[in-house]
Amino acid sequence: MLRRPDPARLITAIGRSAARERDERDERTAAWLGVWLGVSFTVAFVTGLISHFMQHPPGWAVWPSRPVGLYRLTQGAHVIGGLVTIPLLLAKLWTVYPRLWQWPPVRSAGHALERALVLPLVGGALFQLVTGLFNIAYFYPFPFFFTAAHYWTAYIVFGALIVHVANEWAKVRGLRPAASRGGPGARPVGPSRRGFLATVAGACGLVGLTTVGETFTPLGGLALLAPRRPGVGPQRLPVNKTAAAAGVTRDQAWRLVVTGDVARELSLSLTELRAMPRHVVRLPITCVEGWSAEATWAGVRLRDVLHAAGVDAGARVRVESLEAGGRYRVSEVDPPHWHDELTLLALELNGAPLSLDHGYPCRLIAPDRPGVLQTKWIARLVVHTS
Ligand SMILES: Nc1nc2c(c(=O)[nH]1)N[C@H]1C(S)=C(S)[C@@H](COP(=O)(O)O)O[C@H]1N2
Ligand SMILES: [Mo]
């Protein structure tokens, strides 16, 4: 005998299946965004570590001086990739935030872990993107030192991300086209999800397009969102720290002193330095904050000066600036960089003597090296063999 359908139960059943369909669509959207975020955070983590260990060599690894533009590539990927990640993370948060108040709050041990990860994962990811953005905009409203906070938080976020991905693996596998999986879940991709993902991709593309010109010169004209642009600045090169900000003035009695573990101490006047073999190189300044710009530099090879002082082939060199204080007044040069023929004590930039803002009378320019290590207003080279 046929039972008459109960309208109330029918409505509940329809509602439940609609909700399930919406949930599934949301889950797949979230999973797709998760895959993209996984890729972008992995790239940011790896390129960030490269940048960190270049600035703080760990002893077991020395960064090579070639290829010339390698750091330009890794740091460009770090900063531009980070900016592109902002719309991606916002879209992901928008897709998943209703789950914050799901009921019951905990369904299983795995689910409990997933929920406990929300704070380090989401909080940490937001912290990285916001502090990174503020830093490249030269806006420092936070009370901590950006570099250290950004570095340590990276481990927290990446660790949380690994656990999260392991936890979500089953859902990511669900990304395979529904038809090929068969079964009751088989449903064509809805236009709204596709439209949403296309909009997110478009937003990411737009951010990329309006910032990549700060390091990829052919697109410089489009770099509307970039705080520094190649070609804009004195001698057609941006300046990060001016001489006024560094408290450096023209020093008529300037001499370059080479000291430390040397066979012969040197003290060279500008005229004596200019009398040494002059070399011209084309190299970029690659700021850790993402912008980079090529320029033509002329000056004396660092290795020529060090050889004149009788320096050990394995020695390291501390380059010291006239600048009295400041975090970037000294930098270390390891053997691969000072042996490189492209590494100059630059005296000229783009065909004219260095301007004071660019490091007059003498600055370091080396291939494949972060901008913070391209010390300006050099006064002393201190050689050490340990
Ligand atoms: N002495 C000194 N050198 C320095 C800095 C500094 O603050 N002090 N800033 C560095 C940074 S962060 C960058 S990106 C480059 C910028 O070089 P530019 O001003 O010649 O373009 O110089 C580097 N050299
Ligand atoms: Mo920089």
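Start at 1 and count along the chain as shown; that gives each residue its number.
Cβ from N, Cα, C; glycine included.
Automatic prediction, not curation, is the source of TrEMBL annotations.
Among the features that TrEMBL reports, domain 'Oxidoreductase molybdopterin-binding' is placed at 250-384. Summarising the annotation, TrEMBL assigns transmembrane segment to 30-53, 73-95, 116-138, 144-166.
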Study note, to complete from the structure: Near the transmembrane segment (144-166) in space but 6 or more residues beyond its ends, with Cβ under 8 Å, are 34, 38, 41-42, 44-45, 48-49, 52, 113-114, 117, 120-121, 124-125, 127-128, 131-132, 134-135, 172
Practice item. Using DSSP, break the domain 'Oxidoreductase molybdopterin-binding' (250-384) down into helix, strand and coil residues and give each count. Key: 24 helix, 57 strand, 54 coil
Exercise for review: Determine which residues of the chain contact the transmembrane segment (73-95) at the Cβ level, with the cut-off under 8 Å and only residues 6 or more beyond its ends counted.
Suggested key: 26, 29-30, 33-34, 36-37, 40-41, 43-44, 47-48, 50-51, 122, 125-126, 128-129, 132-133, 136, 196, 200, 203-204, 207-208, 211-212, 214-216, 225, 286-290, 292, 370
**Study point:** Cβ contacts under 8 Å made by the transmembrane segment (116-138) with residues that lie 6+ beyond its boundaries
**Key:** 37, 41, 44, 79, 82-83, 85-86, 89, 93, 100, 146, 149-150, 153-154, 156-157, 159-161, 163-164, 167, 227, 289-290
